[in-house]
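What follows is one structure encoded as structure tokens, with my remarks underneath.
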Amino acid sequence: MTKAFNWLVPALLALPVAIGLVGVVLPAFGYLPALGGAEFSLDAFRRLLAMPGLSTSVFLSLAGGLVTTAISTLGVALFLAAFHGTAAERFARRALAPLLAVPHAAAAFGLAFLIAPSGMLARLVAAPLGIARPPDLLIVGDPLGLAMMAGLIAKEMPFLLLVAFAALPQADPVRRMRLAASLGYGRMAAFLLTVWPGVYRQIRLPVLAVAAYASGVVDVALILGPSLPAPLAVRIVGWMNDADLSLRFVASAGALLQLGVTAAVLLAFVLGERLAGALRRRQTVTGNRMPRDGCARLFAMLPVGLAAGAVFLGLVALALWSFAGFWGFPDLLPRQLGLATWMRSLPAAAGPLATTFVVAIVSAGAALLLVVWLLESRRKAVRATVGRPARLPPAVAGLVYLPLIVPQIAFLFGLQVAIISLGLTPSLLLLSAVHLVFVAPYVALALADPWFALDPRYEQIAASLGHGTAATLVRVRLPILTRAVLTALAIGFATSVGQYLPTLLIGAGRLPTITTEAVALAAGGNRRVIGAYALLQTLLPLLAFTLSGGLPRLLSGGRAGMKRP
Amino acid sequence: MNRLAPIGAAARPATMRSTPGKAEAGATPAGLVLDGVEIRLEGRSLLALDRTVLPGETLTVMGPSGSGKSTLFAFLAGFLDPAFTARGRVLLDGRDLTGLSPQARRVGLMFQDALLFPHMSVGGNLLFAVPGRVKGRKLRHAAVEAMLSDVGLDGFFARDPATLSGGQAARVALARTLIAEPRALLLDEPFSPLDQALRAATRDLVFDRIEARNIPAILVTHDPADAKAARGAIVEIGGAQAELQATPAAAAAGSRAAR
Amino acid sequence: MVRFRSVAMAVMSCLALAGAGRPAEAAGSAGAAAQGWDAVLAEARGETVYFDAWGGSQNINDYIAWVGSEVSDRFDITLKHVKLDDTASAVATVLAEKAAGKGENGSIDLIWINGENFASMQENGLLAEGFATALPNWRYVDTRNPTVTVDFTLPTRGQESPWGGAKLVFFSDTARSGPVDAMPKNADELLAWAKAHPGRFSYPAPPDFIGSSFLKQVLIEKVADPAVLQRPVDDANFAAVTQPLWDWLDAIRPVLWRSGRDHPQNYPAMKQLLADGELDIIFAFNPAEASSAIAAGELPDTVRSFTFPGGTLGNTHFVAIPYNSSAKAAAQVVADFLISPEAQLRKEDPRYWGDPTVLAMDRLPPADRDAFAEIDRGVATLPPSKLGPVLAEPHPSWMTRIEEEWKRRYGG
């Protein structure tokens with residue numbers, strides 16, 4: 001029974017992906033009766049390969065996935081190496097919540113407002129020099145996708161920093177660094193050689209999820225990425241949405257290609273890991289202690305500092321735009337400020353905000369229940385003794401985390417057809433169920449380590465005092481893990497809020513959320529409206545992250561032992 | 001006939017002082033009876049034990065880490081990892097514990113760490129342990145206050161466990177265990193984190209309470225001073241001081257391991 | 001002028017061939033229709049209409065919200081605006097439903113549509129049977145405008161009901177670029193202007209609707225015989241017919257914004273680039289667009305409109321009902337309300353939207369006609385009399401081929 005359930009939850013989460021993939025494989029090989037495709041053929045692939053600029057698109061997706069992930073990971077490693085245990089790290093912990101709360105699209109718009117030829121940075125230069133026209137420079141949408149990668153890095157680095165913070169205590173940083181320091185190693189060398197490998201082993205899955213995400217991203221690529229040609233995922237969406245319905249076959253073939261591209265990115269990244277590991281071992285053997293790393297520490301601040309600065313300043317620019325009247329180049333501030341945009345946006349946004357909130361709460365709550373059930377049954381199956389924490393078996397973990405690794409674009413259309421075939425009409429419940437597929441892996445990701453790491457003797461004591469399994473879970477385990485549980489909930493909540501494609505396709509547009517509204521309005525290109533909606537989009541996750549940070553203290557009545565388990 | 005045979009143990013003559021005597025058939029003696037207990041892992045015998053601990057008495061099990069102390073502890077408390085198989089029976093005041101859930105055993109646990117629930121106050125930790133049959137907020141609070149007073153912690157009800165000293169935390173942990181009215185105690189090196197002076201005081205407190213309550217206890221430790229303070233029988237397992245006859249299988253395993 | 005007339009003739013002949021006489025039919029059966037309409041109204045009560053319409057403009061969203069409150073008060077119909085970022089995704093939804101065999105209770109009841117998307121839905125049988133000419137307010141529609149019944153050369157067969165007009169107009173900021181009188185007056189002058197002002201002109205990359213339309217404008221101007229564009233594209237003549245277009249595009253490419261290595265995503269992006277001073281000439285399909293943008297603070301108040309005296313592309317946008325709609329009656333009532341003089345008047349008012357009407361002034365009651373005449377169209381809007389002649393849309397197959405060729409030449 002329990003054993004069956006062990007597989008039920010992961011299967012439930014992976015099933016939509018499998019169904020969706022079938023719904024893409026069939027048309028990719030020519031089978032889609034509604035469009036007259038009744039025979040299997042390779043035509044779609046032939047047409048796909050003949051698409052102009054396809055190789056460039058594939059290259060952009062590959063490069064985007066690899067560069068984004070490598071720089072984000074490296075940035076996190078350098079930052080922690082230079083600042084672990086310092087005030088800078090404590091500041092970063094506190095500043096993390098707002099950074100995580102900003103949805104990808106909003107962060108991308110913010111970055112565009114900063115770096116575009118008519119953006120804030122250009123204005124800072126142009127205003128004093130009296131330059132009246134923005135330079136004709138291809139900065140946003142550059143052919144190499146640098147702006148797109150920058151946008152992705154700015155969002156992914158805070159996420160990886162969050163998981164790294166969670167993983168740090170298990171790597172025993174204080175003692176290892178003291179030991180390395182006593183051997184004469186500089187701070188950064190000590191961290192990178194003794195602590196980081198332990199941290200990285202734990203955050204490897206999130207890192208790979210970032211690689212998969214970055215290789216198949218749509219919204220950020222649309223806003224910041226090149227258009228001639230665009231990265232593969234953007235082109236697939238274009239083909240899916242083309243008025244020429246026969247392009248559906250090409251889109252399906254493209255989705256399979258995207259699957260291959262993502263797999264290639266993951267493979268390349270795993271090879272890169274090996275290489276980095278070998279380099280580190282070689283470094284260790286040399287005995288070079290790099291005791292003076294003051295300069296390097298300043299440099300190590302750059303990636304995280306720039307990313308955080310870009311997201312924050314972008315948010316400020318968005319906020320300014322939402323209050324602006326006409327705001328021409330090179331004015332640093334709008335000539336008039338007003339509430340007009342907000343007066344028009346807020347009434348229209350109230351409904352979508354409510355939908356967003358309900359779906360996010362339901363899906364994050366359900367995900368938490370499922371994940372707790374999954375982790376508990378796993379923990380029961382392997383009674384963990386102290387010092388040997390349990391883990392999800394690789395097969396189960398693979399199923400649970402599948403939606404993180406398979407690009408959404410590769411299976412959502414197939415899933416949409418399947419859901420319609422079942423005669424399901426869009427409802428809040430259905431939408432929450434589909435969000436659950438994407439929310440649950442993140443909740444599992446956030447909760448698994450602390451869940452398994454909790455000293456099992458707490459529950460043994462509770463049991464010996466006569467308390468049953470349920471009471472022990474509710475009165476001992478969950479309260480002790482309040483912080484981890486609430487963080488997992490907040491991450492799940494934010495994940496649900498940020499879902500665009502699933503909401504659009506499964507909600508059939510009937511259940512607008514703040515994110516679908518924001519993207520629809522973004523099509524209108526009005527920076528004021530984009531600014532207002534981006535802030536609204538940020539609002540709910542920010543609330544969730546703030547509460548998850550503040551609630552444990554309230555709930556525990558300020559008990560010191562609850563601050564950092 | 002008392003037998004305890006850890007893996008790697010060589011056959012040795014009995015050196016321990018103990019209260020001999022296996023429960024006689026038909027009788028239902030008070031105390032904790034380990035009746036032909038043997039724990040095996042993957043077909044190999046880890047340890048075997050056959051012994052009675054009388055009410056008010058403490059049996060000390062000594063041995064270095066890895067000698068199987070924790071496994072015995074988990075078996076008695078009801079948390080044995082399914083990877084192990086166990087034979088024999090454990091009787092507590094005539095009740096067979098072997099098939100019972102940990103909740104139903106009424107065996108109190110004290111670990112090396114106090115493991116006070118960090119999300120509850122000191123009083124909350126104790127309230128959590130007061131038996132369900134004590135009804136009413138007032139009565140339950142009174143029971144907690146009385147127990148805190150008994151371990152010398154008057155006025156500690158509202159304290160945050162994180163602010164306690166090591167000795168205070170150990171005393172709260174003892175109070176929490178005792179207030180549940182256990183029929184036996186299992187102690188897993190509960191004194192080892194404490195410094196010498198505190199350790200002696202805490203030890204005395206614990207063993208006084210065991211005697212006062214007249215319940216059997218098993219103490220797992222590697223500190224001879226603990227064993228001495230327990231004032232009861234000592235079983236040493238593992239290492240150079242491993243005692244008692246090994247089962248033939250264990251002896252064979254041990255000699256294999258020695259090569 | 002001559003060119004325009006020949007195009008219009010071609011359109012009219014298409015209309016005659018493919019189908020019409022329909023307005024006459026509708027008028028002839030007015031009595032029967034009225035009876036039928038009461039039944040439609042009765043059936044529509046209490047129904048919910050999911051209206052899939054581009055949601056990128058707050059003005060338009062607010063207008064649709066107003067329509068929603070009106071049809072709720074008058075006909076007890078609940079109108080839900082499903083805001084799209086791309087109309088094609090609604091086509092995709094209906095398609096997905098057809099793929100899944102969902103022949104009724106589809107999720108969309110009304111789509112804002114025209115051109116290629118309409119052609120695609122019509123061709124794949126995704127539309128309900130013709131209803132437009134039977135709507136009571138059809139009697140006010142300007143059926144002399146060929147684009148009302150022929151959408152990109154395809155007869156609508158009443159499967160979509162007109163909603164608004166569109167005409168290609170250009171905007172520039174007089175404060176930066178000088179008076180609009182000095183602005184280019186045709187595609188060739190535009191090329192010359194761009195060479196004199198490198199980096200100050202661009203067009204959205206096809207398949208963006210406005211971008212594709214601009215290519216059609218240039219093609220119609222440069223092609224030897226525009227009549228050929230009214231027939232489906234033919235592999236044999238495609239290269240020859242479109243060669244002048246590619247020559248023109250090749251010539252302008254080096255002097256485009258970002259040297260043609262990037263293009264604005266769509267019209268709103270161009271509007272922002274005009275506001276920022278990156279582009280000097282932009283174009284839109286709604287003559288009142290500049291005025292509403294000024295009112296919204298999106299463009300400086302020195303922006304003015306101009307058009308090509310030889311004519312610019314014009315078309316009509318429509319609403320259509322998918323074949324599997326569950327609220328066809330209510331969808332028809334909404335479509336009818338959209339072409340009522342009252343709704344059309346509000347729509348043409350730039351304070352609300354500024355979208356040109358599809359009604360014929362001489363068919364309206366005098367009071368309504370006066371109301372239309374009194375609309376304040378704003379400083380940046382050309383009056384209807386100065387919008388110039390309408391060039392008819394080519395057959396949609398041309399656009400498909402041109403988009404493919406454009407991507408092949410400039411998209412990699």
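Note: Cβ is positioned from N, Cα and C throughout, glycine not excepted.
TrEMBL entries are annotated by machine, without manual review.
Taken from TrEMBL, the feature domain 'ABC transmembrane type-1' covers A:353-548.
According to TrEMBL, the feature transmembrane segment maps to A:7-32 (among others). Note on the transmembrane segment (A:7-32): residues 38-45, 248-249, 252-253, 255-256, 259, 370-371, 373-374, 396, 399-400, 402-403, 406, 410-418, 434, 436-437, 440-441 of its chain, located 6 or more positions outside it, place their CB under 8 angstroms from a CB of the stretch.
Annotation comment: TrEMBL describes A:58-83 (among others) as transmembrane segment. Remote same-chain residues near the transmembrane segment (A:58-83) are listed as 89, 92, 144-145, 148-149, 152-153, 156-157, 160-161, 164, 168, 187-188, 191-192, 195-196, 199-200, 207, 210-212, 214-217, 221, 225-226, 229-233, 257-258, 261-262, 264-265, 268-269, 272, 293, 296-297, 299-304, 307 (criterion: CB distance under 8 Å, separation of at least six residues from the stretch ends).
The annotation transmembrane segment is assigned in TrEMBL to A:95-116 (among others).
Packing against the transmembrane segment (A:144-168) from elsewhere in the chain are residues 60, 63-64, 67-69, 71-73, 75-76, 79-80, 84, 92-93, 96, 99-100, 102, 104, 107-108, 111-112, 115, 195, 198-199, 202-203, 206-207, 210, 213-214, 217, 220-221, 223-226, 231, 303-304, 306-308, 310-311, 445-446, 449-450, 484, 487: each is 6 or more residues past its ends and has a CB under 8 Å from a CB in it. Residues or ranges marked as transmembrane segment in TrEMBL: A:144-168 (among others).
Distant neighbours of the transmembrane segment (A:205-225): 60-62, 64-66, 68-69, 72-73, 104-105, 107-109, 111-112, 140-141, 145, 147-152, 155-156, 159-160, 163, 231-234, 237, 258, 261-262, 265-266, 269, 397, 401, 404-410, 441, 445, 500-501, 519, 522; these residues of the same chain sit at least 6 beyond its ends, with a Cβ under 8 Å from one of its Cβ atoms. Residues or ranges marked as transmembrane segment in TrEMBL: A:205-225 (among others).
Residues or ranges marked as transmembrane segment by TrEMBL: A:245-272 (among others).
Residues annotated as transmembrane segment in TrEMBL: A:298-329 (among others). For the transmembrane segment (A:298-329), the list of distant contacts is 71-72, 74-76, 78-79, 81-83, 88, 92, 95, 98-99, 102, 106-107, 109-111, 113-114, 118-120, 122-123, 126, 132-134, 150, 153-155, 157-158, 161, 188, 335-342, 345, 527-532, 534-535, 538: same-chain residues at least six beyond its ends, Cβ to Cβ under 8 Å.
Summarising the annotation, TrEMBL assigns transmembrane segment to A:349-375 (among others). Long-range neighbours of the transmembrane segment (A:349-375) within the same chain, counting only residues 6 or more positions beyond its ends whose Cβ lies under 8 Å from a Cβ of the stretch, are 5-6, 9-10, 12-13, 392, 396, 400, 428-429, 431-433, 435-436, 439-440, 442-444, 447-448, 451-452, 473, 485, 488-489, 492-497, 503, 511-517, 533, 536, 539-540, 544.
If you look up TrEMBL, you'll see A:396-422 (among others) marked as transmembrane segment. Using a Cβ-Cβ cut-off under 8 Å and counting only residues 6 or more beyond its ends in the same chain, the transmembrane segment (A:396-422) has close neighbours at 6-7, 9-11, 13-14, 16-17, 19-26, 205, 208-209, 212-213, 215-216, 218, 233, 236-237, 240, 251-252, 255-256, 258-259, 262, 266, 374, 378, 430, 434, 437-438, 440-442, 444-445, 501-502, 505-506.
Taken from TrEMBL, the feature transmembrane segment applies to A:428-448 (among others).
For A:480-501 (among others), the entry in TrEMBL reads transmembrane segment. Among residues of the same chain six or more beyond the transmembrane segment (A:480-501), those with a C-beta under 8 A of the stretch's C-beta atoms are 100-101, 103-105, 166, 218-219, 356, 359-361, 363-365, 367-368, 371, 408-409, 412, 432, 435, 438-440, 442-443, 445-447, 450-451, 454, 458, 513-516, 519, 537, 540-541, 544-545, 547-548, 551-552, 555-556, 562, 565.
What TrEMBL lists as transmembrane segment is A:530-555 (among others). Listed as Cβ neighbours of the transmembrane segment (A:530-555) (distance under 8 Å, sequence separation of 6 or more from its ends, same chain) are residues 97-98, 100-103, 105-106, 109-110, 315, 317-322, 324, 341-342, 345, 349, 353, 356-357, 360, 479, 482-483, 486-487, 489-490, 493-494, 497-498, 514-515, 517-518, 521-522, 562-563.
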